[in-house]
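Novice: Provided herewith is a single structure, encoded as structure tokens, for subsequent inquiry.
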Amino acid sequence: MEKTSIHGMWSSRTAFILAATGSAVGLGNIWRFPYLASDNGGGAFVLVYLMCIALVGLPILIAEILIGRHGRRSPITTLVALTRETGAAKGWISIGWIGIVAGILILSFYSVVGGWTLHYSWLYLKQAFGGAHITDPAATFGDLLAHPWELAGWHAVFMALTVGVVGLGVEKGLERAVRFLMPALLLTLLALVAYGATTGHLGKAASFLFQPDFSKVNAGMMMAAMGQAFFSLSLGMCTMMTYGAYLPKDISIPKTGAIVALADTAIALLAGLAIFPIVIAFGIDPHGGGPGLIFTSLPLAFDVMTGGVVYGLMFFGLLFVAAWTSSISLLEPATAFLVERRGVARKRGSLMVAALCWVIGLATVFSFNIWSHVRLLDRDLMGLIELVANDIMLPLGGLLIALFTGWALKETVLREQLAGMSPAVFTAWRWTARVIAPLLVLMVLLNVVL
Ligand code: PHE
């Protein structure tokens, strides 16, 4: 009989793909990818990013789902069981700990930015009912950042909505809504790309994104691209392992993994193609846009296009939903740990973790105002948390996941989980997990240190 998870199973391949892309597609694609491309010189960053997705991201995505499906339990319990089963060192369980800590750190700033999407949805909602227009987006954004308690308030609302789903377990309703809302987000992005084409600057935007200027390649940029690949695919912190645990046996891991990676990458590239024509058309420097890029550029277009208010509301509203479906997967690992290992009730556990994330998030909130002078390693506090969690912890977690799958798990287990993969692809994948992906991650991490 097939081994199943005590938490239930995905009803179909589509259900799994929707949940996994729901986690993958979020602020990472639409807020972070464009601003990192802007800060790191465009084309060269995008090229390195795509290489990281193909050579490191997809193979590790497959590894993570595979461990999850073989173990069928929450990450730490699975890792404990698998180290026992294989006789591997207990040290591998640290993969689960890295995931829990990285999830908490990421959610701390993710929720602050999620709060920005709520604030902007609110501004456009008010505008739809006759409220003031956003005519000077840079000033509007600057004004928000200058008010710590307004930021902290939206941050609290976003966190409360996340706890609402994780703590009350109302995932079902959200899952159903997402079936319509994610395609709606895709359509809004496509409409913005079309609008960008009417400005006549789509070509310039495409060459900014796709013509690599190799003089821009450096250690810091490669680390940003690698970190972003892990962040965008929700990799390296056991999220995909959790989702893999509920995946029925007869569904192909490589195929579904490839679909998730492709969808995630396509949305990021579309976001770039939607944003940069507008940036260029309105005379903004495409370089060095920083975390405010989409908030300071897109409202310029929404103010002049026909139906701009509706687009503004749809864009920020749907971006909030995309962020929401990702944030629940960030809160889940630490909550599951408290529930399973410490016997805390689910509601209470998720509330405790969220409260902790909210407090840590204040460092991000204050990094824009009262603590803006605090700099460490040449970064402000938000940048520092992004560095530690996204650029170091996720790749490190991914590296360990790849090594564990490649070296510790038995070949029979791998073959059973990847049944249907051709022998040549299997060998290529296995050596990527064993050597190539870990080596690439290590090179990028060490390059920055040395
Ligand atoms: N992938 C999500 C995004 O791009 C963020 C995320 C990272 C979610 C890690 C879960 C785990 O927005």
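A Cβ is built for glycine as well, from the same backbone N, Cα and C atoms used for every other residue.
All annotation found in TrEMBL is predicted automatically rather than curated by experts.
This is the feature table in TrEMBL:
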TRANSMEM  42-67  transmembrane segment
TRANSMEM  92-113  transmembrane segment
TRANSMEM  151-170  transmembrane segment
TRANSMEM  177-197  transmembrane segment
TRANSMEM  217-246  transmembrane segment
TRANSMEM  258-284  transmembrane segment
TRANSMEM  304-331  transmembrane segment
TRANSMEM  351-372  transmembrane segment
TRANSMEM  392-410  transmembrane segment
TRANSMEM  431-449  transmembrane segment
Novice: Given pairs 6 or more apart, does the transmembrane segment (151-170) have at least three Cβ pairs under 8 Å with the transmembrane segment (304-331)?
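Specialist: Checked: the transmembrane segment (151-170) vs the transmembrane segment (304-331), in contact.
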Novice: How about long-range neighbours of the transmembrane segment (304-331): same chain, 6 or more residues beyond its ends, C-beta under 8 Å?
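Specialist: Hits for the transmembrane segment (304-331): 22-31, 103, 106-107, 110-111, 113-114, 117-118, 120-121, 123-125, 127-128, 134, 158, 161-163, 165-166, 171, 174, 177-178, 181-182, 184-185, 188, 191-192, 195, 234, 239, 242-243, 298, 350, 353-354, 357.
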Novice: Check the transmembrane segment (177-197) against each of 92-113, 217-246, 258-284, 351-372, 431-449 and return whichever range has the most CB pairs under 8 Å.
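Specialist: Most contacts with the transmembrane segment (177-197): 258-284.
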Novice: For the transmembrane segment (351-372) and the transmembrane segment (92-113), does the number of C-beta pairs under 8 Å, pairs 6 or more apart in sequence, reach 3 or more?
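Specialist: Between the transmembrane segment (92-113) and the transmembrane segment (351-372), which are separate recorded stretches, there is contact, as judged by 3 or more close Cβ pairs.
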Novice: Can you say which of 42-67, 92-113, 431-449 has the most Cβ pairs under 8 Å with the transmembrane segment (258-284)?
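Specialist: Answer, by Cβ pair count: 42-67.
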Novice: Residue list, the transmembrane segment (217-246) vs rest of chain: Cβ under 8 Å, 6 or more residues beyond ends.
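Specialist: Distant Cβ neighbours of the transmembrane segment (217-246) are 5, 7-10, 16, 19-20, 23-24, 28-29, 32-33, 36, 39-41, 44-45, 48-49, 52-53, 56-57, 60-61, 64-69, 71-75, 78, 95-96, 98-100, 102-103, 106, 253, 260-261, 264-265, 268, 326, 329-330, 332-333, 336, 386-387, 390-398, 401, 440-441, 444-445, 447-448.
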Novice: Under an 8 Å Cβ to Cβ limit, what residues of the same chain, 6 or more beyond the ends of the transmembrane segment (431-449), are close to it?
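Specialist: Those are 52, 55-56, 59-60, 62-63, 219-220, 222-223, 226, 392, 395-396, 398-399, 402-403, 405-407, in sequence order.
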